[in-house]
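Novice: The active site, thioimidate intermediate annotation in TrEMBL covers C320. Annotation source TrEMBL lists active site, proton acceptor at R416. Here TrEMBL flags D263, S264, S265, G313, M314, G315 as NAD(+) binding site. Residues or ranges marked as K(+) binding site by TrEMBL: G315, G317, C320. Annotated IMP binding site per TrEMBL: S318, D353, G354, G355, G376, S377, Y400, R401, G402, M403, G404, Q428, in sequence order. Annotation source TrEMBL lists domain 'IMP dehydrogenase/GMP reductase' at 22-491.
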Amino acid sequence: MSSSIFEDGFSSDRLFNQGYSYTYDDVIFLPHYIDFPTDSVHLATRLSRRVPLSIPCVSSPMDTVTEAHMAISMAALGGIGIIHSNTTPSEQAHMVKAVKSRRVPVLSNPVFKSPSDRIQSDDVFDSSNPYVLVTENGCPSSKLLGYVAGRDWAKLGDKEVKIYDYMVNCTDFTVPWSYDLGRIGEHMEEKRRDVVATVRDDEVVDVVAKEEVERIKGYPKLGVGTVGPNGAWRVGAAIGTRETDKERLEGLVKAGVDVVVLDSSQGNSIYQIEMIKYVKKTYSNLDVVGGNVVTVSQAQNLIQAGVDGLRVGMGSGSICTTQEVCAVGRGQATAVYKVASIASQSGVPVIADGGISNSGHIVKALVLGASTVMMGSFLAGSNEAPGAYEYQNGHRIKKYRGMGSLEAMTKGSDQRYLGDTAKLKIAQGVVGAVADKGSVLKFIPYTIQAVKQGFQDLGASSLQSGHDLLRTSVLRLEVRTGAAQVEGGVHGLVSYEKKSF
């Protein structure tokens with residue numbers, strides 16, 4: 001009797017060469033052999049050739065996902081954020097500078113006043129800005145004299161009095177921008193302060209309140225984070241492929257950006273290839289990520305052009321409608337496997353972009369060949385995502401929209417879909433809402449722990465180990481039927497409480 005009768009599952013090469021387009025939910029890995037504890041799983045990786053990360057997580061360059069606060073927090077976790085380009089070049093460069101000037105995952109955007117000013121409205125105070133800083137002339141670069149707390153201002157009987165009549169006078173509540181949370185907390189205890197200002201080159205960067213320090217300390221412990229040689233957070237930014245994007249790129253480089261992502265729904269174009277060559281010629285030390293691609297031939301063209309990383313995905317995002325509208329794309333599991341197979345031969349890391357709804361999807365993306373996963377909806381709705389919280393049917397939510405939605409296109413993202421010169425705009429995305437998820441500083445560490453457990457079940461102690469086990473056919477896969485997918489999730493209950501951590 002043939003031994004093949006007793007084989008479990010399929011090799012990846014056999015499974016993904018049958019002409020089917022598989023999503024993450026379509027496939028399942030069969031467990032392998034465990035000979036190490038979960039804590040021995042190391043997920044250190046690379047975003048691109050020269051940008052190392054401690055965890056394989058990247059926030060997507062979407063205007064409802066990644067601005068400065070998200071990028072700061074992702075770097076603090078050991079990942080990286082890619083700041084969207086659906087804004088002016090100067091505003092995008094300012095966000096990059098904001099990330100670079102901080103060493104704690106806090107972004108307060110402090111308000112400055114002079115002692116002779118008056119505060120006549122509580123509009124200057126909010127949850128992210130409970131303090132107003134007082135400097136000699138009301139500018140960040142002038143001498144710091146003290147502060148006004150929102151709670152103190154609210155108790156004033158006469159709101160017409162000048163600030164110097166009630167401000168807290170103190171000049172010893174500043175700390176260097178390079179202080180971490182531990183050192184900031186120690187300074188507060190020593191000086192008995194409830195608030196400190198971080199300063200860089202004699203200019204105030206942030207206001208850090210004691211309750212903010214305690215809140216972050218209550219989350220899983222942060223590591224060193226993703227920092228460059230100068231000790232600043234690493235951050236990426238998205239650009240397009242138009243001539244004007246060369247000027248945008250120049251501003252980003254001056255701001256200190258570590259990597260640029262060419263943001264296009266279909267990256268295999270003459271426009272992107274020319275931009276890749278321009279970036280590599282003009283800024284030879286800057287890594288450039290190309291994409292999006294889903295096929296081997298697309299990937300080969302961009303690799304030959306000189307990319308340092310590839311972004312994979314077309315129509316797999318929760319708010320993306322490209323596959324429906326344009327009839328092009330590919331199931332994300334198949335796309336990641338195919339592109340990673342060719343990219344690995346050139347040492348080009350692959351970013352699995354889209355389709356991530358849970359930790360299991362992250363495990364699948366990474367083992368199928370990706371070096372990192374780029375997340376949009378998974379991070380949208382968090383404290384760090386742009387936008388204000390709203391209430392909808394009793395649920396706390398934030399807006400989340402595709403960059404191919406008509407709403408986003410009116411701000412300039414139509415360039416991503418090569419539609420900025422078209423008379424008629426065709427949407428390739430929708431506008432929606434996602435539930436409040438809390439802070440990424442809390443839920444990403446739990447997600448990473450779940451990913452490590454998945455790798456342990458597969459007998460892979462690292463990303464490279466997972467890739468090797470897959471390519472040597474040690475790891476086996478099967479396709480799940482619809483019934484198997486139902487069985488693999490929560491089922492058969494009248495109700496249940498969904499709580500991951």
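Glycine is treated like the rest: Cβ placed from N, Cα and C.
Explain the structural surroundings of these features, please.
Specialist: Counting every protein chain shown, the number of other Cβ atoms lying within 10 Å of the Cβ of D263 (NAD(+) binding site) is 28.
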Novice: Sequence order is fine: just name those recorded positions in C320, G354, G376, Y400 with a Cα within 10 angstroms of M314 (NAD(+) binding site).
Specialist: C320, G354
Novice: Whole-number Å only: compute the distance from the Cα of D263 (NAD(+) binding site) to the Cα of G354 (IMP binding site).
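Specialist: Distance (Cα to Cα, whole Å): 14 Å.
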Novice: Near G313 (NAD(+) binding site) in space, meaning Cα within 10 angstroms, which of the binding-site residues do we find among G354, G376, Y400?
Specialist: G354
Novice: List the recorded positions among S264, S265, C320 whose C-alpha is within 10 Å of the C-alpha of G354 (IMP binding site), in sequence order, or say none.
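Specialist: Near G354 (IMP binding site) by Cα: C320.
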Novice: How many neighbouring Cβ atoms, not counting its own, are there within 10 Å of the Cβ of C320 (active site, thioimidate intermediate)?
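Specialist: C320 (active site, thioimidate intermediate) is surrounded by 24 other Cβ atoms within 10 Å.
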Novice: Over all pairs within D263, S264, S265, G313, M314, G315, the annotated NAD(+) binders, what is the largest Cα to Cα distance, rounded to whole Å?
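Specialist: It comes out at 14 Å between the most distant Cα atoms.
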